[in-house]
Each structure stands twice: as structure tokens, then as C-alpha cells.
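First the structure, in the form of C-alpha cells, and then the observations on it.
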Amino acid sequence: MLAKRIIPCLDVRDGQVVKGVQFRNHEIIGDIVPLAKRYAEEGADELVFYDITASSDGRVVDKSWVSRVAEVIDIPFCVAGGIKSLEDAAKILSFGADKISINSPALADPTLITRLADRFGVQCIVVGIDTWYDAETGKYHVNQYTGDESRTRVTQWETLDWVEEVQKRGAGEIVLNMMNQDGVRNGYDLDQLKKVREVCHVPLIASGGAGTMEHFLEAFRDADVDGALAASVFHKQIINISELKAYLASQGVEIRIC
């Protein structure tokens, strides 16, 4: 059995790490490189960086900090933000990123997933999915351009259909960003995760809602996700990564101990 992964998420805007609630009202958390270094030292299994306004601004992720992060950490990291071409991806990987993640650009051009997978291998192609639960219809819908709330739009894709589509096109991993839970620390949406797990045959990462160590345990035990991503509980030092891993190990979760 592969070890489960604990993944801090760093949302980047204007060269700094920020955090919002339900993808809105972002506050500045701190500088990118020191935070990355801290999380690596605390025992994170990998890091994910989202340049949250790159796609909505029509630009690619700011590469200047990618190489600086690569210099100070010795764990894998993934970078996302406006990657719309093989050339964009090649540059980011050449600066030291281990994986690239695409989200809004994949919705605009699904063939991008296949082209990236063919060029670089499925192992480094992650597809992020921003999913919103509509209580009126009882359905999960995929949103696009979520880094800028004024430009966010609901797509025609229902979440489960898009999960299946991106796998057919070559996604090597899926990060499910559950927008309703984002930043509120009430726990992951286990019902949604279980439904996605049934149709997801590549590594699945849960994102949005972690507030306690028990929430991580529930995601691993009840929804069988491969990794759990979180931001505010780590940024605000509500949960220490090494203590979280010790707790999960004590509960029988296969985890890499620091």
C-alpha cells in the first residue's frame, strides 16, 4: 500500500501566499519561499502552489519564485497557474517543479491534457477540479476561473463527468477542490469524495475543509483518498504536520513519518 500524502497548498497572488474562504476575500499569509521551506522541514510529503489569478488574467504562472522554491526544499512540488501550452509546462518543469497542474485551461481546451501527458508523462500531469455543490439541484458542478471571483463561471460540466473525461485524456492525478468547504474548516465533503472515488482510478487528492486532525483521518479512512491537501490549518499553525502524521499513524493510516 502506498503511503498517504499530506500536502500543504500555497495560493499565490502578486508574489505572496494568500488564503481566502470559499475562494473569496483573500488575506495575505506571507512570503512564498520561507513558507515552503517551513512546510518541508515540518514533514510535508509535497507542496502545491496555485498562482490563483494567472488563468483569469490571461498569463502564465510567475516563474521567478519556482526556481527559488526548488533550491530550498527537497520534496516534490506541483505548480499551477495559466499553463496553456507545452512550452509553458516545459519552462516550469525546467525551473525545478516536479509536476504541473492545469484547471481552467483544461476546461477551455481538453486536448491540452493529452498533449501534456504525451510529452511529459502522466506521472507529472495533475488536473485540478473546482467543484461546487448546488443545494437546489443536488448536483456538483465544475467552475472555471475561480481565482478571481468577478470572473468565476459555472461550466456545463458536472463534476463526475469531468472526472471521467480528464482521466480518458491522460490525467495522472486529480485534485478535487471542494469550493463549498474551502477555508471554513468544517471537514471535507465525504459524500462527494466517495462518489468521485468510485469513478476515479488515478490518485485522488482531497482539498477544501480540513479543520482538525480527525478530518484528515475521515478523508483517508472513509473516502480512500490518496492525499489530503490543506491550507489555512497549516498557515495559521492550527495543525502541526509532524503531529498530524503521528496521529494518523496511531490510527492505522499508512503514512510517512518525519
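Note that the numbers count up from 1, one per residue, in the order the chain is shown.
Backbone N, Cα and C atoms are what each Cβ position is placed from, and that goes for glycine too.
The following features are taken from Swiss-Prot:
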type	residues	note
ACT_SITE	Asp11	active site
ACT_SITE	Asp130	active site
Revision key, fill the gap. As a whole number of Å, the Cα atom of Asp11 (active site) is distant from the Cα atom of Asp130 (active site) by 14
Exercise for review: Mind giving me a neighbour count for Asp11 (active site)? Other Cβ atoms within 10 Å of its Cβ, every protein chain shown.
Suggested key: 23
